Amino acid sequence: MAKEDEEPGAHRGGSTCSRPQPGKGGRTAACCSRPKVAALIVGTLLFLTGIGAASWAIVTILLQSDQEPLYQVQLSPGDSRLAVFDKTEGTWRLLCSSRSNARVAGLGCEEMGFLRALAHSELDVRTAGANGTSGFFCVDEGGLPLAQRLLDVISVCDCPRGRFLTATCQDCGRRKLPVDRIVGGQDSSLGRWPWQVSLRYDGTHLCGGSLLSGDWVLTAAHCFPERNRVLSRWRVFAGAVARTSPHAVQLGVQAVIYHGGYLPFRDPTIDENSNDIALVHLSSSLPLTEYIQPVCLPAAGQALVDGKVCTVTGWGNTQFYGQQAMVLQEARVPIISNEVCNSPDFYGNQIKPKMFCAGYPEGGIDACQGDSGGPFVCEDSISGTSRWRLCGIVSWGTGCALARKPGVYTKVTDFREWIFKAIKTHSEASGMVTQP
């Protein structure tokens, strides 16, 4: 994490794991949307209709809000019933139980930004109650293998048996400890960013990363050049904010799955940094504690919001020519539109569609060397409760904290399907693996 630099011509290169410089020449939920409902409405609904029905009525009001809608797939906070919003009727429908419940539960969890479904079951609406929902959707089981969203494979039906699907998704994006608020560019504290990990090669911190689960880490592809591909020399450190903390949990690396479209790995002379994304599969699973927790992915179709202030964290250099931070740093920076970031005063058309910029036009606070691969997270409540989502991966930039040269990030929402496919396809792989 860097303060403003003294070298206006400097680039984010470095001898360890620098961010490479580029070459020269139907309504979606938004990252960090925050639904707001008056306490009077909530209290009235709870009193008049009961908690179950009120919860869905409240969610319906939020989803229909013109400003900050909830996501159209939700889990009931009471009994984990999976429900989908019917925009035509303006109501929630349950998913009729089928032989494909496991796959449907997995698709629903993934669509909401959870990594996977941990369990599923079914309930009878006649005994469990409708709880504010109205009717059913049935699943076209033949379309499931290619479906990316539940809406791709569901239609209104009668569901004669009256049995509906429930699901338990892997929890994510929530702190387990109460924390104080810190405003950018300062030391962090234990438990604030429990998904942040340190990737170290021969004991040296080279990159950051984000826990998606106890055994999968998302980071940047450029952290693994040819010189750093002996996986037995990599270690992943989690559960600490001080780089020398004796309390950190460390594990080895079984496999690295990197994007086959990351061009510098094909030809080192290429300076085009699209697809700068990689998954690290750990040799075993980390214990999840109040200091070690996974982050959520963006929900399917979730868009970035220009101007939204989110948080980047890392142990990178505090200045371009400075030393790496000994304590995890955090900074709140706003998302900059690609139109602005591609203007001649900024990066002049070097920002590709699957990238985005974040920072202040005047500079002053930014990610830097050693922050590469680390998380850019945004908080929202589109899943009914406040969660942090991994919206970006620290990728590249010119200098550190320079005016009109903000940090550039891999746009995670554009790689959701790549992530899910890589995890399912390469869970038993070892070594360096390419995923198209």
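From the backbone N, Cα and C atoms, a Cβ is placed for every residue, glycine too.
Marked as region 'Disordered' by Swiss-Prot: 1-29.
If you look up Swiss-Prot, you'll see 1-38 marked as topological domain 'Cytoplasmic'.
If you look up Swiss-Prot, you'll see 39-59 marked as transmembrane segment, on the strength of sequence analysis.
The feature topological domain 'Extracellular' is assigned by Swiss-Prot to 60-436, with sequence analysis given as support.
If you look up Swiss-Prot, you'll see 73-170 marked as domain 'SRCR'.
Among the features that Swiss-Prot reports, disulfide bond is placed at C96-C159 (among others), with the record citing sequence analysis. Taking Cβ-Cβ distances under 8 Å and a sequence separation of 6 or more, the neighbours of C159 (disulfide bond) in its chain are L94, C96, S97, F136, C138.
According to Swiss-Prot, the disulfide bond annotation covers C109-C169 (among others). In the shown protein chains, 24 other C-beta atoms lie within 10 A of the C-beta of C169 (disulfide bond). C169 (disulfide bond) carries a strand DSSP state (E or B).
Under the three-state DSSP scheme, N131 (N-linked glycosylation site) falls in the coil class. Positions annotated as N-linked glycosylation site by Swiss-Prot: N131.
Taking all protein chains in view, 17 other C-beta atoms sit within 10 angstroms of the C-beta of C138 (disulfide bond). What Swiss-Prot lists as disulfide bond is C138-C157 (among others).
What Swiss-Prot lists as domain 'Peptidase S1' is 182-424.
Annotation comment: Swiss-Prot describes C207-C223 (among others) as disulfide bond.
Per Swiss-Prot, the feature active site, charge relay system maps to H222 (among others). Within 10 Å of the C-beta of H222 (active site, charge relay system) we count 24 further C-beta atoms, all protein chains included.
Marked as active site, charge relay system by Swiss-Prot on the basis of similarity to another entry: D276 (among others). In three-state terms derived from DSSP, D276 (active site, charge relay system) belongs to neither a helical nor a strand segment and is classed as coil. Taking the Cβ of D276 (active site, charge relay system) as centre and 10 Å as the limit, one finds 31 other Cβ atoms among all the protein chains shown.
Summarising the annotation, Swiss-Prot assigns disulfide bond to C310-C378 (among others) and lists sequence analysis as the type of evidence. Reduced to three states, the DSSP call for C378 (disulfide bond) is strand. Its Cβ taken as reference, C378 (disulfide bond) is surrounded by 26 other Cβ atoms within 10 Å in the chains shown.
Around the Cβ of C341 (disulfide bond), a 10 Å sphere holds 26 further Cβ atoms from the protein chains shown. Annotation source Swiss-Prot lists disulfide bond at C341-C357 (among others).
Under the three-state DSSP scheme, C400 (disulfide bond) falls in the coil class. Residues annotated as disulfide bond in Swiss-Prot, with sequence analysis given as evidence: C368-C400 (among others).
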(message) Can you tell me the CA-to-CA distance separating C169 (disulfide bond) and D276 (active site, charge relay system), as a whole number of Å?
(response) 28
(request) Specify the nearest of the active-site residues H222, D276, S372 to C400 (disulfide bond), where nearness means the distance between Cα atoms. (result) S372
(message) Within the domain 'SRCR' (73-170), what mean pLDDT does the predicted structure show?
(response) 96
(request) Measure from the Cα of C357 (disulfide bond) to the Cα of every one of the disulfide-bonded residues C109, C157, C310, then give the nearest. (result) C310
